[in-house]
Amino acid sequence: MDSSKKIIIVMFLVTFYMFSCVSSTEFEVGGENGWIVPKSKTLGDAFNQWASDNRFKVGDTLRFKYTKDSVLVVSEEEYKKCKATKPQLYSNNEDTVFKLDRPGLFYFISGVSGHCEKGQKMIVKVMETESSTESPPPSSSSSSSSSSSLPASTPKAKKSNAFKTAVQFSSSGFVVSAVLIVSVFGLV
């Protein structure tokens with residue numbers, strides 16, 4: 001095989017491998033319970049606890065499932081005051097998907113009067129890079145409760161399927177690439 005064909009094949013394989021490593025995850029906010037008002041004041045920081053138990057990267061999505069409620073993306077000041085005058089996003093369609101399109105902090109609150117004050121709010125930190133080891137923002141409450149009305153370790157949603165598929169595809173892509181490189185260059 002001439003060298004130009006080998007170069008084209010190697011470039012194709014490298015490109016294929018790079019695309020196979022890219023994946024995004026959809027997180028279901030609050031796990032099975034969804035976007036609800038926490039049941040008690042002691043659980044008022046449950047959404048921030050849920051967010052801190054997960055790692056978010058650019059391209060991931062958050063799915064908010066709720067009934068007779070809404071979700072707003074707001075500024076830090078509006079988050080602290082539980083009052084939004086100019087939300088960046090307002091949705092009340094009972095199934096909102098929000099794409100995390102940049103690194104940094106995102107602030108979410110319920111748009112229903114009184115819900116935010118009862119703890120239906122959340123800060124999500126999106127990592128700078130996949131290799132970053134920074135932690136999401138700490139809970140805004142000084143009390144740390146080990147029990148929560150939201151499953152702490154459940155990023156529920158499509159994470160298990162999407163992540164599993166992406167990892168399988170990445171592994172398969174790597175193996176196929178390695179076999180093709182070995183066969184193209186006659187290394188065996």
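Glycine too: its Cβ is placed from the backbone N, Cα and C atoms.
Per Swiss-Prot, the features are as follows:
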| type | residues | note |
| --- | --- | --- |
| COMPBIAS | 129-155 | compositional bias 'Low complexity' |
| DISULFID | CYS82-CYS116 | disulfide bond |
| DOMAIN | 25-128 | domain 'Phytocyanin' |
| LIPID | SER170 | GPI-anchor amidated serine |
| REGION | 127-157 | region 'Disordered' |
| SIGNAL | 1-24 | signal peptide |
Residues in the domain 'Phytocyanin' (25-128) grouped by DSSP into helix, strand and remaining coil: 19 helix, 35 strand, 50 coil
Site of maximum Cβ density within 10 Å, from disulfide-bonded residues CYS82, CYS116: CYS116
